[in-house]
Amino acid sequence: MCVCVCVCVCVCVCVCVCVCVCVCVCVHFYLNCNNMKYMRSPPTPEMATQEVPLNETLAHLKTESETLKSKLEEERAKLHDVELHQVAEKVEGLGQFVMKTRRTLKGHGNKVLCMDWCKDKRRIVSSSQDGKVIVWDAFTTNKEHAVTMPCTWVMACAYAPSGCAVACGGLDNKCSVYPLSLDKNENLAAKKKSVAMHTNYLSACSFTNSDMQILTSSGDGTCALWDVESGQLLQSFHGHAADVLCLDLAPSETGNTFVSGGCDKKANVWDMRSGQCIQSFETHESDINSVRYYPSGDAFASGSDDATCRLYDLRADREVAIYSKDSIIFGVSSVDFSLSGRLLFGGYNDYTINVWDVLKGTRVSILFGHENRVSTLRVSPDGTAFCTGSWDHTLRIWA
Amino acid sequence: MSGSTNVVAMKKVVQQLRLEAGINRVKLASTISQPQVSQAAADLQQFCLQNAQQDPLLTGMSSSNNPFRPQKVCSFL
C-alpha cells in the first residue's frame, strides 16, 4: 500500500510578501500481511509482467508443498506406534511435592518480563517494563546492580557465562551488553555496548558458551548471532513467517544448534554455523511463547498461548507428548525442565505454575503465589530451586 | 507501486516454500530409517531415571543442603 502525504508550508518572508513552499512527500509504507516476512527493503523496479510466471511458480510450489506434507503424514502414521506416556506406564509415579516460595524479590516498579540465573547459582538478573534491569543475590535478596535502560519493556535479559556481564534489550530493537563491575558506585550505563540491531523489538537473547557471542530473536521474524566485541552480525536465521518470541541453545554436549518459537505457531531447530533450519514443528494452535531443551539435548518442550505445553523429540522428528488439562485455559508464558528432565515447570497467564510429570503426562502439582500472570520461569543451574517473574512486579524463588 | 511490492513479497514466499519443500523431501527420504517413537521415548525415559537421584527438585533436598530452604532452628538441651 502506498500513502501519499502532501505537506504545504507557508513562509512569510516580509510583511507584504508571502512565499508558499509546497512540499510533496511521498511516503511508502510496507504493511505486514499474514504469512509474509516484514523486512523494510527499498522497492526494486520490477516489471508487472514478472507477476504472471511468479504466480504460476507460487501455485506449483504450494501444491508440491502440500503433497509432500501429506506424504510425510502418511509415512509417519505408519511408523507411529506408541506415545511417550504409554512407554512410561511402568515407571513409578511421583509422590506429593512440597514446593513453596522461599524468597520474594521486590524492587521492580512494573511488570517483570524476563530473568536469568548466573552460573554461580545465586545471582539473578531481571528486567521489567519500567526499563530497569536489576541484578539480585537470590540468597540474601539484596540488589547488587541496577541499570536503567533508555527504553521501556525490556523483554529480554541474559547473564554472561562468566558472570561478568549482562545483556538486555526490548523495544529499543537492540541488545546491549553491560559489563558488571565490583564497584557499586560506578555508573554501569556508561560502559554499555550496543551489540545487536534488529528492525523490530528484541524478544529474547542468550549468550552462547562464551561471553563473546550473543544469539538474539526479534519481532522482525529473524534470529541472529552477533560478535559482542565488534557488534558484527555473524549469522542470521530466516524462516519464521512472523515474530520470533523465544529461543534456547542446545546443551553444550550436543553441538551447535538452537530452537526458536514464534507467532507463526512453528518451532524451528537451526544449525548455527550454516544458518539453515534443519527441523520444523507445527502442531501448536497458537503463538509459541517459550521453548526449552530437554537436559539430554534430544528433545525440547514448548509452551504456547493455546494453554498446552508440548514435548518434541528431535530424533523421532515429531511431537511425543502434550501437557494439558481441560481446566487450564490460559496460555503458557514460559517453561523449564528440572535437572533430570522428569519435571516440567510451566508459568501460566492465570497466575499459577503447573508442574508436569514429563514421562507420564500428568500434572504433579499446582503452585499459587503470584498476584498476576507469570511471565518468566527458570530453574537454577544446579537444580536446587526455580525462579519466576511476574506482572505483579515481584520475583519468587521456589524450592 | 503495489505491483512491485507484490512481486518482491511473492518472491520471498516462493523462496520460503522452496526451503520448506527441500526440508520436506529430506524428511520423507529419511523417514523410513528414523528411530521409532517408542525407541526415542525409551531413551528419554532412561535419561530421566538415570539422573533422577541428582535432581534436587525431584528428590527434595533437606533443609541443610538446600541454600534456599530455611534452616532448622537449633534448640538448647
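Each residue, glycine too, has its Cβ placed from N, Cα and C.
Here's what TrEMBL has on this protein:
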SIGNAL    A:1-18  signal peptide
REPEAT    A:105-146  repeat 'WD'
REPEAT    A:195-236  repeat 'WD'
REPEAT    A:237-280  repeat 'WD'
REPEAT    A:281-322  repeat 'WD'
REPEAT    A:332-366  repeat 'WD'
REPEAT    A:367-399  repeat 'WD'
Name the range, of those listed as A:105-146, A:237-280, A:281-322, that has the largest tally of Cβ pairs under 8 Å with the repeat 'WD' (A:367-399).
A:105-146
Given a Cβ distance threshold of under 8 angstroms, which distant residues of the chain, six or more beyond its ends, lie next to the repeat 'WD' (A:281-322)?
76, 80, 83-85, 243, 245-251, 253-254, 259-263, 265-269, 328-337, 339-341, 344, 346-348, 356, 358, 361
PLDDT averaged over the residues of the repeat 'WD' (A:195-236):
94
